[in-house]
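Undergrad: Supplied in structure tokens, the structure appears directly below.
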Amino acid sequence: MAIYRADEEHVDPKKYLENHCKSRCVKNWVEYGKCMDRIKDDDIGHKHCTGQYFDYWSCVDQCVASKLFGKLK
């Protein structure tokens, strides 16, 4: 999948696919947002949402990979 602008400049298809795939990972994004709301008052900084963050991006990456690697030469 090659995406070109009007001036024929090559655009990275991964960025396009990431934006497309984010809509398929809304559940993970909502869970990350809920976690961020729960820990926003943590003054010590011991709480984190790393797991939810990685779950979200793992979902996006899996979606992108299934579409992107089939298009590579």
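From the backbone N, Cα and C atoms, a Cβ is placed for every residue, glycine too.
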Undergrad: If you look at what TrEMBL says, which of Cys21, Cys25, Cys49 makes a disulfide link with Cys35?
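TA: Within the candidate set Cys21, Cys25, Cys49, TrEMBL assigns the bond with Cys35 to Cys49.
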Undergrad: Cys63 has a disulfide partner in TrEMBL; which of Cys21, Cys25 is it?
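TA: So the cysteine paired with Cys63 in TrEMBL is Cys21.
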Undergrad: Rounded to the nearest Å, what's the C-alpha distance separating Cys35 (disulfide bond) and Cys63 (disulfide bond)? Just drop the number here, would you?
TA: 23
Undergrad: Taking just the CA atoms, what is the gap between Cys63 (disulfide bond) and Cys49 (disulfide bond) in Å?
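TA: Each residue's Cα considered, Cys63 (disulfide bond) and Cys49 (disulfide bond) end up 22 Å apart.
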Undergrad: List the same-chain residues at least 6 positions away in sequence whose Cβ sits under 8 Å from the Cβ of Cys21 (disulfide bond), in sequence order, or say none.
TA: Cys59, Val60, Cys63, Val64, Lys67
Undergrad: By DSSP, how many residues in the domain 'Ubiquinol-cytochrome C reductase hinge' (12-73) are helix, how many strand, and how many coil?
TA: 46 helix, 0 strand, 16 coil
Undergrad: Could you pull the average pLDDT for the domain 'Ubiquinol-cytochrome C reductase hinge' (12-73)?
TA: 91
